[in-house]
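The block underneath contains the structure these notes are about, expressed in structure tokens.
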């Protein structure tokens with residue numbers, strides 16, 4: 001019977017560098033069966049709303065996510081069964097009709113701004129990380145990403161940041177730092193922290209697989 005996969009939770013504010021940290025872990029284990037699952041894929045379907053209504057979505061609130069589905073999918077993967085993960089369309093502000101098949105792996109990195117907010121999700125994790133990065137750096141990264149990758153205007157990004165992103169960070173995201181096993185200041189540039197994390201993952205892999 002297949003051993004239980006290692007589940008690593010990686011969180012932090014938008015633009016903190018959590019995706020880069022996740023990729024650094026992935027890159028360190030090229031021969032392992034390892035995959036990343038993004039909480040963003042589980043934003044709720046909003047096809048029943050008008051586009052104007054969808055644009056006002058608060059993406060930084062726990063209720064924006066269908067976390068129950070993510071939890072169910074992780075339980076299926078733990079049970080060695082594949083799942084179909086939804087794909088979110090940021091240009092239309094709703095879930096795409098497409099999905100992708102995720103096969104069971106030895107390691108899953110579950111990444112997103114609120115992956116430590118739900119205790120049921122935390123309870124499935126073996127290692128929990130919080131990537132802690134200065135607010136100014138995070139907003140600059142968010143502006144670059146949303147303009148280049150999501151077709152957003154500068155004005156809309158700044159308006160959303162001041163109205164939603166910053167207050168939600170302090171209300172919901174930053175408080176989850178207390179649940180982290182490791183807090184990673186400076187993100188992927190913190191080579192000592194990345195090395196410690198990779199050493200721990202390797203140790204668990206050697207013990208259980």
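Glycine residues also receive a Cβ, built from the backbone N, Cα and C atoms like all the rest.
Here is what Swiss-Prot records for this protein:
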type: BINDING; residues: 12, 13, 14, 15, 16, 17, 18, 19; note: ATP binding site
Neighbour tally for residue 17 (ATP binding site), based on other Cβ positions within 10 Å of its Cβ:
24
For residue 18 (ATP binding site), the number of other Cβ atoms found within 10 Å of its own Cβ:
27
Near the ATP site, what residues other than 12, 13, 14, 15, 16, 17, 18, 19 in the same chain have a C-beta no further than 8 Å from the centroid of the listed C-beta atoms?
113, 131, 133, 138, 141, 187
Look at the binding-site residues 12, 13, 15 and tell me which residue has the greatest number of other C-beta atoms within 10 angstroms of its C-beta.
12
Including all protein chains shown, what's the count of other C-beta atoms within 10 A of the C-beta of residue 14 (ATP binding site)?
22
DSSP on residue 12 (ATP binding site), three-state: which is it?
strand
Binding-site residues compared (16, 19) - highest count of Cβ atoms within 10 Å:
16
